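Going by TrEMBL, these are the annotated features:
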- 2-208: domain 'GCVT N-terminal' (DOMAIN)
- Glu147: substrate binding site (BINDING)
- 260-310: domain 'Aminomethyltransferase C-terminal' (DOMAIN)
Amino acid sequence: QTLVFGRDRVRFMESLVVGDIAELKPGQGTLTLLTNEKGGITDDLIVTNTSENHLYVVSNAGCADKDLAIFRDRAEELQATGSDVHLEVSDNALLALQGPSMARVLQAGLSDDLAKLSFMNSISTTVFGVPGCRVTRCGYTGEDGVEISVPAGRAVELAERLLDVPNVWLAGLAARDSLRLEAGLCLYGNDIDETITPAEAGLMWTLGKRRRAAMDFPGAAVIMAQVKEKPRRKPPNCSHGRGGWYCQPPLTSPCPHIPGTVTSGCPSPSLGKNIAMGYVEAAHSRAGTELTVEVRKKQHPALVTKMPFVPTQYYTAK
């Protein structure tokens, strides 16, 4: 978790990511992509324009060191030209409370009205007596939920307080992984990395109209050229199969096989079948396309489907 201060904080952030940070209202956040000069995705971030006159940036934990190095180098470059920007690294812990009962459970420990907090919005507040928390209505499950930034010294206290509620349970990464895959959410290091562009990953929706026109983010020329020419590979979303791809086209195809790669796959608890995400040639990525996947040296039929596999339940305040 990184805090970005200074009058040039938005210009700093937009020099690194593809999102339209300037359009964010106070308290509003967005998923965005940190890209390199080749258009590859260095990390996916959530950037929030807080009501306290700073940006709140959440990186993937596995990318924290490399992200911070990029942030610091860019801040030094801008500072050398007279720009007003500086960084603070938060030592807060991050707890995610997710699921259909979240609002009822958390509201008991808040004075703020959760009904007024929409998806991807954030407030600074006290949670079950722990001050200095930031509650953001987001999460990586496809369900209604929050991520709570809490002072590290009181994280266990808050976690135990939440776990005192009968229907709140600890959940591990396997549960998180099946939920995010059902919701069609990419996992950094699996489905996206520095060799994959937003166009190839189906993430062009993260680019604001103004940013596309300005082309002022790292890798813009490569990414926008792919949009114009159509990317060579695209991510199909398949049900009924998982594992390494051996993609078999219709018998009328002049090519005996179309190689591809599965990047994520697991049994779906909600659907009762196997689901996966991966990359194949763009011509074979349309919904309804029949493919074959190889699982432990055995071939199984798969069907390209639209995402999400399971409808998401994000909350929009009325």
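Keep in mind that glycine also has a Cβ here, set from the backbone N, Cα and C atoms.
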TODO: Take the domain 'GCVT N-terminal' (2-208) and average the pLDDT across it for me.
DONE: 97
TODO: Check each residue in the chain of Glu147 (substrate binding site) that is at least six apart in sequence and keep those whose C-beta is under 8 Å from its C-beta; list them in sequence order.
DONE: Val58, Leu94, Leu95, Ala96, Val135, Thr136, Cys138, Gly139
Open item on the list: For a three-state summary based on DSSP, what are the helix, strand and coil counts in the domain 'Aminomethyltransferase C-terminal' (260-310)?
Closed with: 3 helix, 31 strand, 17 coil
